[in-house]
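Colleague: Just lifted these from TrEMBL, have a look:
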- 193-332: domain 'O-antigen ligase-related' (DOMAIN)
- 33-50: transmembrane segment (TRANSMEM)
- 62-80: transmembrane segment (TRANSMEM)
- 86-104: transmembrane segment (TRANSMEM)
- 116-134: transmembrane segment (TRANSMEM)
- 166-184: transmembrane segment (TRANSMEM)
- 205-225: transmembrane segment (TRANSMEM)
- 237-260: transmembrane segment (TRANSMEM)
- 280-301: transmembrane segment (TRANSMEM)
- 321-344: transmembrane segment (TRANSMEM)
- 380-397: transmembrane segment (TRANSMEM)
Amino acid sequence: MAFFAVIVFSGAFIEQWIFGPGFDRNISFSDRILNTSKFIPVYLFFMLRLMKSKRALRINLYYQWPIVLFAGFYIASSAWSMDYVFSFINAMIFLCTILTAWGIASALRYDQFLKAAFYALLVIAAGSLLYILFLPSYGVMRGVDQESFTNLAGLPQGVFKHKSRLAEIMSIAFIVSFFSKGYIKRSHRFLLAGLSAYLLLSTEASLKTAGLIGSISVMFAWELFVQTFRDKVISSVMASIAFLVPALVFIALIQTVLLASGEDMTLTGRTIIWEHAVQVAMRSPIIGFGPSSIWGSALGFVPELPLFKIPHAHNTFLELFLQTGFLGLGMVLWYLARCLGLVLYGHNEINSRSRIAFLIVWSGLARSTFEFGLFQGNNLSFLFMLIVVSIQFLQKADVHSLSKPSAIDSNTVGWKHPTKA
């Protein structure tokens, strides 16, 4: 199973291995079909594993129903999308990715998942380095073919179709290498840590690097508060004061300096795109424009950036607002609130599992502020977040069932992980 999972992580859920980018308008129809079809065996295998573990399915539905509700709405919204076929396929891939993550979480013990994920990330990191060094036509971004990213030409993208995807996966790889002590050999951990750090820094993805460092800082600070103030309410209040007040002061100071120098707070002009995205989204604020991107249409033209081909809103929540309106965005925020509650209040037991879940969720949210990638079907970082969150929810249900019957299954007490039963 662990060997199969390595194949899954390093094969089906990357974007440029063998056939080029995934289901994308910019490639031929035959390559598009090949890329889409290679996911199907993976989806079917783990969804069948999930169906065999009805208990795990009920637990995930009980705790994670907002994301399933959003997936259903996402599929339905393809009906009023500009490109309903493309939108429907993307929405179905989104749902399949959720069910696949649940299947992996129910089929693998935590140590099996961690080992499979570790070595898959090592394969991806090594493969990316080989692409960059020996196949630069694939491993390095090219301004000619990618009109939207001309300013990024020459930066490494590895086995992915954009350097941002490489950066976010390498940040996850660094997290896994750093907090897999006791599960993975030290030499292997150092190798992945070195490779991931080098590739992350070489992409010049300063925001993703800052998000990773910030997430690690928040985690250790939160652990300190949890250990100091055992009461959850007190620790939450104290942590909020300690985190939010300095953060707000720092942001206000930076914004003042940047405004005085004539720069926007992102240093990249993204605020112009954000303002345009909000204006367009307010034309259909309840249900949005559907999963198909509006940026290739007249709605996506930004007068202030006439020569820039904008691929997305450069903000996950604004892009979701554009696609699904307040209705869909509310479902996603509801789901994120449950995830944050899980990693914060489930962090009282400090171990490898809770730390990795904490960091992957928080770093994902940090990246989402400036990129659109977290809530995309067949996105490896989204898959990882779903898996670690599902593992934590299964563990939570296990602990609750040992103490008292729950609403998940009042007839079953002392449930064990399907692989241990």
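Cβ coordinates come from backbone N, Cα and C, glycine included.
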Colleague: Is it true that the transmembrane segment (205-225) and the transmembrane segment (280-301) have 3 or more Cβ pairs under 8 Å, skipping pairs fewer than 6 apart in sequence?
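Modeller: No, the stretches stay apart by this measure.
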Colleague: Taking the transmembrane segment (380-397) as the first stretch and the transmembrane segment (86-104) as the second, find out whether 3 or more Cβ pairs fall under 8 Å, excluding pairs closer than 6 in sequence.
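Modeller: Answer yes, regions in contact.
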Colleague: Under 8 angstroms for C-beta pairs, at least 3 of them, ignoring pairs fewer than 6 apart in sequence. Is the transmembrane segment (321-344) in contact with the transmembrane segment (62-80) by that rule?
Modeller: yes
Colleague: Of the listed stretches (62-80, 86-104, 116-134, 166-184), which one yields the highest count of Cβ-Cβ distances below 8 Å with the transmembrane segment (280-301)?
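Modeller: Most Cβ pairs under 8 Å with the transmembrane segment (280-301) come from 62-80.
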Colleague: If you average per-residue pLDDT over the domain 'O-antigen ligase-related' (193-332), what number do you get?
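Modeller: Averaged over the domain 'O-antigen ligase-related' (193-332), per-residue pLDDT gives 79.
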Colleague: Using a Cβ cut-off under 8 Å, which residues of the same chain at least 6 positions beyond either end of the transmembrane segment (86-104) come close to it?
Modeller: 5, 8, 23, 25, 36, 39, 42-43, 45-50, 56-57, 60, 64, 67-68, 71-72, 74-75, 77-78, 113, 290-292, 375-379, 382-383, 386-387, 390
